[in-house]
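To start, the structure itself, in structure tokens.
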Amino acid sequence: MRLTHVLSHTLGLLALGATAEAFSRSREAACSPKKPFRPLPTSSSRDKTCHVRSHGDGSDDSDYILSALHQCNHGGKVVFDEDKEYIIGTALNMTFLKNIDLEVLGTILFTNDTDYWQANSFKQGFQNATTFFQLGGEDVNMYGGGTINGNGQVWYDLYAEDDLILRPILMGIIGLNGGTIGPLKLRYSPQYYHFVANSSNVLFDGIDISGYSKSDNEAKNTDGWDTYRSNNIVIQNSVINNGDDCVSFKPNSTNILVQNLHCNGSHGISVGSLGQYKDEVDIVENVYVYNISMFNASDMARIKVWPGTPSALSADLQGGGGSGSVKNITYDTALIDNVDWAIEITQCYGQKNTTLCNEYPSSLTISDVHIKNFRGTTSGSEDPYVGTIVCSSPDTCSDIYTSNINVTSPDGTNDFVCDNVDESLLSVNCTATSD
């Protein structure tokens, strides 16, 4: 990956912006500059403290962790002490929590027992998502600036041998209503870094994500965040170095604010993929993405929808035929460098045969999309094109707007591929179709 002066300058700015202020009980006040779609509840005060014990010899500390959580639940704070390492070798269901803080000052490390985790991690019922733990309940905060390490290298190597293995997600936020996550350092997740499911009113603030493979086997599917069946989520002030979506809004994600992120090496900030499962209805609406720097990536703004016919992106990712809608999506203010597509909208996800895709157009509509205030330079890999907006039918896309898109290829071109979309609403230079 090339490091430009633009990237260096932006990283310097992001280093200041991505460090969350001291933990605040007022989640609403912590959100800046944009405010969430709906007010976030304030966290109640805590009146007792429990310190988690550690064996200190590499043994599983899960029982100590559960003991502290039960002891300080309903109004306390659980502390993972600085300069201590806590080993987790047991799948932990922590969805019983209420009015509790987890202050992570030290390091939490998951074991590399791949057989155990494949058999015992929590199956989340979407794609192949499984999680090391489930953190949920009401008014739960996890912060402190410490490190959570997923021991991912063994998983990267194993996945290269068998792409059907179940790789755990590092942070399973499942059924949480009211919470603040961060600041934290997340390292070497086997798969996604966050899976946020059936949750609401959660703020992620000051998350530092990194974890590249140390072998020839890539760290794949390491999304920064995937939201699923969740509402009123804020993700802000974070730095993400990964190998897949920086943030992905999965089915039935609503009222999501993402702001002040630096994403490096990713697949962009993505709506979807959606419409993967036949006879299921997927909805993503009311999403605002603001002030993003995106470097060394495949995309910046991305909307990916499966067509109306079965398709296969890979052996472990197949689908098509679902219905639903994408509505009221805004991408506002982005700086890009070495990104393949500044904008990529497709209703043919997983289907390389455009003719077949058009014969079986997606049943999932895209409308009321606003993309504005982009600047920077693409990678040139799609030269002369810098973006693509391809719908499977003019009946399935409407009210897609772009404005102030100042993005060029390294050769100075700024062409777009446009299909089945109202070009009069686009400020970009549509010069080709996907045929």
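Quick reminder: no glycine exception, Cβ is built from N, Cα and C everywhere.
For N93, N112, N128, N198, N252, N264, N291, N296, N328, N353, N406, N429, the entry in Swiss-Prot reads N-linked glycosylation site, with the evidence type sequence analysis. The annotation repeat 'PbH1 2' is assigned in Swiss-Prot to 230-251. Residues or ranges marked as active site, proton donor by Swiss-Prot on the basis of sequence analysis: D244. What Swiss-Prot lists as disulfide bond is C246-C263, C391-C397.
Through the fold, the repeat 'PbH1 2' (230-251) approaches residues 14-15, 17-20, 27, 31-32, 36-38, 40, 126, 182, 192-193, 196-212, 218-224, 257-274, 280, 282-284, 287, 289, 292, 294, 297, 302, 324 of its own chain, all at least 6 residues removed from its boundaries and within a Cβ separation under 8 Å. Taking Cβ-Cβ distances under 8 Å and a sequence gap of 6 or more within the same chain, the neighbours of N328 (N-linked glycosylation site) are E285, N286, V287, D368. The Cβ of N429 has fewer other Cβ atoms within 10 Å than any other of the recorded positions N252, N264, C397, N429.
Listed glycosylation sites: N198, N406; maximum Cβ neighbour count within 10 Å falls on N198.
The CA atom of N296 (N-linked glycosylation site) is located 29 Å away from the CA atom of N252 (N-linked glycosylation site). Each residue contributes its Cα atom, and for C263 (disulfide bond) and N353 (N-linked glycosylation site) those atoms are 31 Å apart. According to DSSP, N198 (N-linked glycosylation site) is assigned to coil rather than to any helix or strand. DSSP assignment over the repeat 'PbH1 2' (230-251) gives 0 helix, 15 strand, 7 coil. Here N264 (N-linked glycosylation site) is compared against the recorded positions N128, N198, N291, C391, C397, and the shortest C-alpha distance is to N291. Here C246 (disulfide bond) is positioned 22 angstrom away from N406 (N-linked glycosylation site), judged by their C-alpha atoms.
Look at N93 (N-linked glycosylation site): DSSP puts it in a strand. Nearest to N128 (N-linked glycosylation site) in space, judged by Cα atoms and limited to the recorded positions N112, D244, C246, N252, N291, is D244.
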